[in-house]
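Here's the structure, in structure tokens; my notes come after.
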Amino acid sequence: MGTRAIVSDANILSGLESNATGVTAFSMPGWQLALWATAYLALVLVAVTGNATVIWIILAHERMRTVTNYFIINLALADLCMAAFNATFNFIYASHNIWYFGRAFCYFQNLFPITAMFVSIYSMTAIAADRYMAIVHPFQPRLSAPSTKAIIAGIWLVALALASPQCFYSTITVDEGATKCVVAWPNDNGGKMLLLYHLVVFVLIYFLPLLVMFGAYSVIGLTLWKRAVPRHQAHGANLRHLQAKKKFVKAMVLVVLTFAICWLPYHLYFILGTFQEDIYYHKFIQQVYLALFWLAMSSTMYNPIIYCCLNHRFRSGFRLAFRCCPWVTPTEEDRLELTHTPSLSRRVNRCHTKETLFMTGDMTHSEATNGQVGSPQDGEPAGPICKAQA
């Protein structure tokens, strides 16, 4: 069976020759290349530095090692690798239209982008599920550390399986003396296999998880925002606990919306290309692709900024991480925020949450007399509370 080269993430630009100039139709002026290189370099530096800092903040401070934050580590790791590998090397390939990096890295370049995207969005989905159980069903058993690690490993394995077809059909070709890294799909009567693959990828790593997260965060929002705190406790630990949960949910909703907005044009671009493949041969397509690819890759750099702006513990962590900078002055409060164990008074106050939820109609009497309440404040280690209550 014959094969034909199909445009994909690693072979988006074909090696068309210009009859007038003798150079590739996708050559660009040096000043334009310099602007794009600056934009991509800034993206990679911000994404790698920000996500590496997020990983350090969680791993270096025991108080930050929660189930939710382990999924955030997984998300940050996928984003860091996406920026360091996919954004960097694919930009060089798309801007020069020559593959410089050999056959082995061609396989990797067609395997890793889909893998990282899957890991990113399903880490967000796992966070949404964890928050849903903690807030909507606070008395159900929470994920243990081994279960969390198993889920993370499962996400990576499924992601690799989903990306494997592109890796399997990857190959190196030489066109007019220029080396290309392409995905050569089997000839399947008009590219039906390619269209099916793109649609499956779109559903599994975009539409379906976004739909699940939309439903989860809608229920979480309704649960939190209808929850009232009795007037005599309106300025106590219960109110702070509720406000912390709301702020964390807002941050994660913003993370999900950012991902959705950044990646939608990129997905639509490839789906459109399966119906009208000739668009890839227009001269302007290089600039369109570089813009859409930059927008998609930029999703890797926004999350650390969101965490820093909307979460006080991550903000303290960033101050500590960049304390060598002259304009950053961490305080003792920042250090205590990440290392200090909550005081006994705060733990006792949190014990009264059961009574508060029962008084506001958020739980039944049987729920108010058994089990634990909710989840710890964002960033605090989960642990038994109220055991001494009689």
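Any Cβ shown, glycine's included, is placed from N, Cα and C.
Taken from Swiss-Prot as is:
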type	residues	note
TOPO_DOM	1-32	topological domain 'Extracellular'
TRANSMEM	33-56	transmembrane segment
TOPO_DOM	57-69	topological domain 'Cytoplasmic'
TRANSMEM	70-90	transmembrane segment
TOPO_DOM	91-107	topological domain 'Extracellular'
DISULFID	Cys106-Cys181	disulfide bond
TRANSMEM	108-129	transmembrane segment
TOPO_DOM	130-149	topological domain 'Cytoplasmic'
TRANSMEM	150-170	transmembrane segment
TOPO_DOM	171-196	topological domain 'Extracellular'
TRANSMEM	197-218	transmembrane segment
TOPO_DOM	219-251	topological domain 'Cytoplasmic'
TRANSMEM	252-272	transmembrane segment
TOPO_DOM	273-290	topological domain 'Extracellular'
TRANSMEM	291-310	transmembrane segment
TOPO_DOM	311-390	topological domain 'Cytoplasmic'
LIPID	Cys324	S-palmitoyl cysteine
COMPBIAS	366-375	compositional bias 'Polar residues'
| query | With DSSP, how much of the topological domain 'Cytoplasmic' (57-69) is helix, how much strand and how much coil, in residues? | reply | 9 helix, 0 strand, 4 coil
| request: Grab the same-chain neighbours of the transmembrane segment (33-56) for me: Cβ-Cβ under 8 Å, and only residues 6 or more beyond its ends, written as numbers and ranges. | output: 72-73, 76-77, 79-80, 82-84, 87-88, 91, 95, 290, 294, 297-298, 300-301, 303-305, 307, 314, 317-318, 321-322
| said: Does the structure show the transmembrane segment (291-310) and the transmembrane segment (70-90) touching, where I'm treating 3 or more Cβ pairs under 8 angstroms (sequence separation 6 or more) as a contact? | reply: yes
| Residues from the same chain, set at least six apart from the ends of the transmembrane segment (70-90), whose C-beta lies under 8 A from its own | 9-10, 40, 43-44, 47-48, 51-52, 54-55, 58-59, 101, 105, 108-109, 112-113, 116-117, 119-120, 123-124, 126-127, 130, 148-149, 152, 155, 293, 297, 299-301, 303-304, 307
| query | DSSP on the residue listed as 'S-palmitoyl cysteine', three-state: which is it? | reply | coil
| field | Positions whose Cβ lies under 8 angstroms from the transmembrane segment (197-218), at least six residues beyond its ends | value | 114, 117-118, 121-122, 124-125, 128-129, 131-132, 162, 165, 185, 249, 252-253, 256, 260, 263-264, 267, 270-271, 274
| request: Would you kindly list the residues that approach the transmembrane segment (252-272) from elsewhere in its chain, counting only those six or more residues past its ends and only Cβ-Cβ distances under 8 Å? | output: 7-9, 117, 120-121, 124, 127-128, 131, 195, 198-199, 202, 206, 210, 213, 217, 279, 288-289, 292-293, 295-296, 298-299, 302-303, 306, 310
